[in-house]
Structures are given as C-alpha cells and as structure tokens.
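The feature substrate binding site is assigned by TrEMBL to 93, 114, 117, 168, 380. Summarising the annotation, TrEMBL assigns active site, proton donor to 129. What TrEMBL lists as site 'Important for catalysis' is 169. Per TrEMBL, NAD(+) binding site is recorded for 213, 244.
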Ligand code: NDP
C-alpha cells in the first residue's frame, strides 16, 4: 500500500468507527475517497488542515420528534432529520425524503453526495438533506397535511433563504411542499419564497422544476452518447421507477426519439415494447396515485411482471431512477450482456459498487448520480434566483439554462477525468471536480 493509500484507509477506518450502522453513508464516502486518492497523489495539500475529516463530518445534524394525529384520532410519532452537511459554497440545499426506510445514515449519505453534486452545478449552494421515516403511502390528504405541519413546526427555526433551503425527494412532491410552505409562512409570519423550492407556480415556483431531474438526466445521457458519436434517436431505453424523476426522464427520452421499453415501482415492473404513453402514466401516478400494474391494465401492448427484474430487458441505455442500491452486480452483468452501452443515474446511488465495477470493466459509459441527476437541484437554484429578483422566467428560457448547466457538468466531469489520466471515467471526474471546488473554498475559509 502506498503512503497515500494508507492515509486514505486511515480516514475511512475512523469514519467506520464513528458512524457505526450507517452502511449507505459508508458506501457513499468510500466511493469519493477512492477518487480522492488520485487527487492527493498529485495535490497533497488537499489533506492539509484536517480537510478530509472535516468534509466527512456534517456541520450540523438535527433530529426531532414529529407527533401527529391520524384519521382515527390516534397519535403517531415519527422521527424527523435535517443534516446540514457543508455550507462552504452557499446555503445548505437538498431535498426532504419521506419514506419508512429513512434513518440518519440514509440522510447522511444523501447529504454527503449533495455537497459534490451542488458544487458540480457551478451555482453557489452548499449540501444538506432531510426527511422522515413517515410513510405517505395509503395516508389521506388530511393525514399528510397534519404530518407536514408538525414536521415544519420544528424544522422552520433551522431553515431560511440564506441558511438552508429544502426541496422534495422520494415521497415529497408538489403537494407536500405546499403543506410545508404554508406552515412555514404561518410560523415565520412572512412570505419568504426562497425558503423552499419546488413550489407551485403561482406562489414562487419555477417552470421546469418538476421536469428538471428527469430532463437533466437525459441531457447528460445525450452528452455521453455524443462523445461516442451516437444519439438517443432510435435507441431503446429502460427507466426504473415511476415517480417524479422517472416520468420526466421517460418523457424527454421519447421526445428525443428513443423508445422506453420498461419502467417500475417497488411492487413490480412493466414491459412497454412500443414505448410509454406518458400522459396515461402521469395520470395514474400523479393524479390517481395508483400503481404501475394499473398502467399495464390500460395500455395496449404493456405487460406487468413481479418476477425477474426490469434489468433483464434488452436495451441500449439504462436510467435507474428509483432508489439507492436497486441495481446490483448481477443486474449490471445482465445489462452488459444484453447490449447496454450507457447508464445514467437519475436516482441517488442506485448502482452498487459491484455494479459500477462491472460497467467500468465493460467500458459502459456510466454517469453517476451526483452528475447525471444534478438538474433538479440546479433548477431549484434557478428558482431561488427568480425568488430573489421577484421574477419568473419562461419555460424555454429555464429549460435552456438547465440544458446549459447539464452540458457544463458533463464537460467538467469529462475534462477532469482526462486531466487525472482516467479519460471516460465519469465517476472519478465528477468526484474530483465536485471535491476541488468545495475543498478550495474550505481551505480559503480556514478551520471552521
Ligand atoms: P418519487 O417518490 O416521486 O418516486 C420514487 C419511485 O421509485 C416510485 O416509483 C417508487 O415506487 C420507486 N421505488 C422506490 N423504491 C423502489 C424499489 N426498491 N424498487 C423499485 N422502485 C422503487 O421520488 P423521486 O422520483 O423524486 O426520486 C427518485 C430518486 O431520484 C431518489 O433516489 C431521489 O433521491 C433521486 N433524486 C430526486 C430528485 C428530485 O428532484 N425529485 C433530484 C435528484 C435525485 P413506489 O411508489 O412503489 O414506492
């Protein structure tokens, strides 16, 4: 082991001891540290002033009780989290996730990833994440509203347009942002539009924010394909999930001439050899709040499956857009043997370390989440800009800015990978490019 490898292994061992029982956080840090070995070999000053240890330790972790009353007048108690990870580049920025699997380790992994993602956008935003183990599935609108109000009754004192600006994530869409914003406005006694993003269009929201993560992921995919002289036109694409990110990734991929041959939810997956009827999917998921199995009942040529995996489908491109660790090493091998040449992560950390290694070995162009799904947070930052200037931009202008930002992220990712002799390795490129900007800011700002 070289001395740099030993030094990095030392950071990681200490992190494992101090953050026991948080495997997703360990996984996210391990991937970044692996890339940082390359940086430290060239620029050892990045280890000065305890920089790496400080980067891996959140600036602040807030955990709180969220009591609420269900429709049967029973008191329920959930746990709320907000991890304010790093504000060297700007106010903390990152979504809120409501899902029964949420715990501190999940929020820390998401907050850690968010630091580098936000840095890559080139916009002045730090990294944070939050959420709760509340399960919105099957809950009435009244229950969801009461939960959101109770959650915000604690969170509001920790956020603000210059401090911390939450947004949506799994289980938190436009409806929940509305309930959260309403309670914030009531408690703070001010209409501070910049305090949350993903708002409704008549009260400070931005056009394109709803579509941004899915569209951005497809724009990033296009760039990876362009680099190899190919395009989405005529390609077959698999998109996992059927939530906010997946729906708009499907829409944009098809708009650019691809056929989306499958999508999924946590119960099963749908094969759509003739492509997806996006209007029907939107109606089923966003309006009726039903399941993908209902789509298969209504769409001609579509079939629903609970056996096997969506990754068994044959395609040129795969866009995992559901959740963390949904694509394992064996899935990656199947995708490769079925001809997949491009993978871009719409979700956060959907591919396991083994899957990424399979893609690397087989020269699959792989866009990691912190680069490929940065379009959502980038457009949230554009929403903040519109709020600050009390302006609202057109759809085309905002989409143009998003497109430009995604091309910029691809370019800096690709050129950084080349600079460090790892051409085509977008994991290394994204980690190093995201890291250097934050690290330079932290070094300039002293030991804080
Ligand atoms: P949604 O809640 O809108 O949708 C999540 C989707 O993933 C649902 O279809 C859900 O199905 C499905 N899903 C969840 N768990 C599994 C599983 N184990 N297997 C298969 N499908 C599953 O969330 P988003 O679309 O907003 O977020 C999806 C991913 O994208 C997350 O990783 C999120 O962190 C990431 N992301 C989101 C951004 C955004 O702007 N919204 C920005 C950047 C990243 P079911 O209904 O059955 O639970």
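One-based numbering along the chain as shown.
Each residue, glycine too, has its Cβ placed from N, Cα and C.
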Starting from the Cβ centroid of 93, 114, 117, 168, 380, the recorded substrate site, name every other residue in that chain with its Cβ within 8 Å, sequence order please. 94, 95, 118, 125, 127, 129, 167, 197, 376, 377
Near ligand 1, which of the recorded positions 93, 168, 169 are found, taking a Cβ distance under 6 A to any of its atoms? 168, 169
For residue 168 (substrate binding site), the number of neighbouring Cβ atoms whose distance to its own Cβ is within 10 Å equals 25
Using DSSP, would you call residue 168 (substrate binding site) helix, strand or coil? coil
Close in space but at least six residues away in sequence, with Cβ under 8 Å from that of residue 114 (substrate binding site), the same-chain residues are 85, 93, 94, 127, 128, 129, 377
For residue 380 (substrate binding site), the spatially nearest of the recorded positions 169, 213, 244, using Cα atoms, is 213
Alpha-carbon spacing, residue 117 (substrate binding site) to residue 213 (NAD(+) binding site), which is rounded to whole Å: 12
If you measure between the CA atoms of residue 213 (NAD(+) binding site) and residue 169 (site 'Important for catalysis') and round to the nearest Å, you get 11
Measuring Cα to Cα, how far is residue 168 (substrate binding site) from residue 244 (NAD(+) binding site) in Å? 10
Across all protein chains in the structure, which of the recorded positions 93, 117, 129 has the highest Cβ count within 10 Å? 129
Which one, from the binding-site residues 213, 244, 380, has the smallest tally of other C-beta atoms lying within 10 Å of its C-beta? 244
Distance [Cα-Cα, Å, rounded] between residue 169 (site 'Important for catalysis') and residue 244 (NAD(+) binding site): 9
Protein Cβ atoms within 10 Å of residue 169 (site 'Important for catalysis'), excluding its own: 26
